[in-house]
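Before any comments, here is the structure.
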2 protein chains.
Amino acid sequence: MKTVTCTAPVNIAVIKYWGKRDENLILPVNSSLSATLGQNELRAKTTVAVDPSFTEDKMWLNDKEQSVNTQRIQNVFREIRRRARKRKGDGDKSKIFSQKIHICSENNFPTAAGLASSAAGYACLVYSLAKLFDVDGEISDIARQGSGSACRSIYGGFVEWQMGTKADGSDSFAKQITPAQHWPEMCILILVVSDQKKHTGSTEGMQTSVQNSRLLEKRIEVVPERMTNITKAIKEKDFHTFAEITMKDSNQFHAICLDTYPPISYMTDVSRQIVRFVHSFNNHSGETKVAYTFDAGPNACLYLLEKDLGRVISLVNHFFPAQDNGLNLKVQGLPVSIDKPSQKDIDALSLPVLPNSIKYLINTKVGEGPQILSDPSESLLTDNGHPKTLSS
Amino acid sequence: MKTVTCTAPVNIAVIKYWGKRDENLILPVNSSLSATLGQNELRAKTTVAVDPSFTEDKMWLNDKEQSVNTQRIQNVFREIRRRARKRKGDGDKSKIFSQKIHICSENNFPTAAGLASSAAGYACLVYSLAKLFDVDGEISDIARQGSGSACRSIYGGFVEWQMGTKADGSDSFAKQITPAQHWPEMCILILVVSDQKKHTGSTEGMQTSVQNSRLLEKRIEVVPERMTNITKAIKEKDFHTFAEITMKDSNQFHAICLDTYPPISYMTDVSRQIVRFVHSFNNHSGETKVAYTFDAGPNACLYLLEKDLGRVISLVNHFFPAQDNGLNLKVQGLPVSIDKPSQKDIDALSLPVLPNSIKYLINTKVGEGPQILSDPSESLLTDNGHPKTLSS
C-alpha cells in the first residue's frame, strides 16, 4: 500500500470570493485575496492511499464515510490522474493509476464553529494526491475545482486567487503574495459567535447573487482596484490601508448578499455589535488598529497587530462576556492572557455588554501552506487502508 | 388673528429615497415612490397663525417649543412668503407677510414607534402656511425643502417624487400616480418592532453613503427602470410585480447602507425574521401575496391585499406573539380580528416563534392628502396664539 499523509490550512479572505462565471470549473467573477492561518490552530489532515487490494474508491471525513461520486471529487481525481500520466509520459504503464484510492480526512476544529472547512479539506486532498502520484508544478487550479477558495490554501502567507480570463480555467489559480514570515506582527483573532443556525450554502447563495443582484455588476468593477491597493498595503505592511479595505470588502460582500433576491443574511445582531465595537475602538484609538471580516456566517475574524492584541481581547471579553458569572471567554490557539480592561477604554467605547453572545475565541497568526507528515504514526489509515478511528 | 389648521399623512416609500445631490435644496440622487397612508391611523396636525401682536416666530411640536431658526424651517418660511408676495403682485402692501407666525403641531402616533414623522410634519406645515398665505399651485417642492420625503405627503394615493435635473430644484417635486381610491384592496400593515434604540439619522447616513458607497453609483442606474415598472404595476393593479420590486428596492437600500463606511444597519434579527416569514409565506402560497419594506429603522411595513389580511395577521400573531401568555398582539388602526392560524399554514412556514419581538401592529390603507379642518375647535392654538395643551 502506497500512502501519503498531509495537513493543509484554513484561509480567511480579506477580498471576498462571491460568484462564479463557470459552475463546473469553479471560475470566479472576481479575484480574491486571503491570509493562510496557522495549522496548529486550524487545519485539515488527510491520508490518501492506493493498493491493488482496494476494490473501490472510498472516503471517510471526520469518521463518517462519504460518497466519492460527486462532480467535485471526480473532477479532482480525473485532473490529478491526467497530470500524473502526462508527467510519466504516454508510454508509462504504471498500475498505480488504475488502483482504487482510500481517503481519510479530519479537521482539528469543530464543524460547529462555522469556519469554512472545505477549503482546507480540498487543499489537503489535492496536495496529498499530488504527492501520492508524484505530480509536480501548479496544483492550486486542481484544488480550485474541488472548492474555489481551496486554491488559496495551497500556499502560506498572504495569497491571491487570480480570477483569470480563459474559458478552460487554466489561468485561474492561486499565487503567494508574501510568505508567512513577512508580517510577523499580524495577529488573527476569530470570534466564534454562539448562534450557529444553518445558513444559506455559499454555493447556492452566490449562484442566486450572480443571477439577480444588480449591485454585483458594480462590485466586479470595484474589486481590481482593491486587489491592487491591498496587495501594496500587505507588501509595505501598511496596516491602516489593509484594514480599511478589508472592512469595506467584507461589508460590500454582505451588501451583495442583501441585494440578492430573496435576500441572504449571514451576519446577526451580534456580528453587527462586533462591527460597532471595532469602529468604536478605532475611533477611540485615533487610528485603525483592528479590522473585521465576516464570511458566510456570523463569526467575526479580526485582523490586528501584536501590540494591540491584549487590549482588544480584554475589551472583547468585557463587552461580550462568556456569562454573567465573570468567567473569562475561552481562548483556543496561541496562548494569551485576558487582563481587566482600563476603565478609560470601557467608558470611551460606551457599548452595551452582551453576555453569551460569543462562544469562544481562536487566537492565531498567518501560517504556512500544506505540510507532509512523514512519520507513519501520523497516518489516519491502518495498514489495510481503513480509518484507525473506526478499527478495533 | 388669522389661523389655519390642517392634517397631513405619513407616506411609506416602495422605491426608496437615499442620497442627496444638493444638501441645502434637498435634491435627491434618484426618484422615489410611496403610498400615502390613511390619516385616521397616522397623521400630523398643525395649526398656523399670524397676528400683529406676535413678537416673534414660534413653534411647538408635540407640546415642546422648538427653535424656528433652522435652515430647513427658514427655507420653508422664505419660499412660502416669496410665492405669496409674487402672487399678490409687487405692489401688494399686505401686512400679513411682516407678521410673526405661531405654529403648533402634533402627531397622533408615538415618536417611539420609529415611524418617519418629519415627512408628515413638514407636509402639514407647508400645506397650512400655503392656505394661510393663499399660495396656490405646486407646493410639494416647498415641502421638499423641509424634509425630502415630505413632498410625497402633499398628495394622496401612490405618489412619485421626480428627482428632476435642474440645479435650482424647480423640477424636483411630487406627482400623484393614482388617487387613494384606485386600489381599494391594498392593505398596509406596519409591524412595530420592540427594539427601538437610536439609529443613525437618515440625513447623516445618506450623506455618508453618497460620499463612500461605491454600490450607490449602480443603484442610481437601476432605479429609473424600477420606477417605470412599479408605476405600471400600480396603475394595472399587478400586485406580484409591485411586491417584488418593493422588496428588492428595500433590500437594495439596506445593502447600500451596509456598503457605506462605517456601515449603517437599520434592520435587526427581528426585521430579518420578518423577511424570512414573508418569503416563506409567499413560497407556501405559490404566489407573491405579501411584500415587506423597511425604512431607516427595524419596523416592517407590509403591503398585501384585503383577502389575505386576516390569514397573514393570524400568522404574524403566531410567530411573533406579544408574550408567552397567549394574549394577541395589539392592533391599532382599522379593526381586524385575529383568528387562530391553520395548522397547515404553521407547519408549512416552519419558523421559530419569537415572543416579545413585535410591540404592536398598525393596520391601515392608502389614504388621502392633507386636509383642512375648518371647525375652530380643531385649532391647536388658543385665541391669543398659544398651545391649548400648555394653557390653563
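A Cβ is built for glycine as well, from the same backbone N, Cα and C atoms used for every other residue.
When the ranges B:193-212, B:373-392 are checked against TrEMBL, the one recorded as region 'Disordered' is B:373-392. Over the domain 'Diphosphomevalonate decarboxylase-like N-terminal' (B:8-174), the average per-residue pLDDT in this prediction is 92.
Taken through DSSP, the region 'Disordered' (B:373-392) splits into 6 helix, 2 strand, 12 coil.
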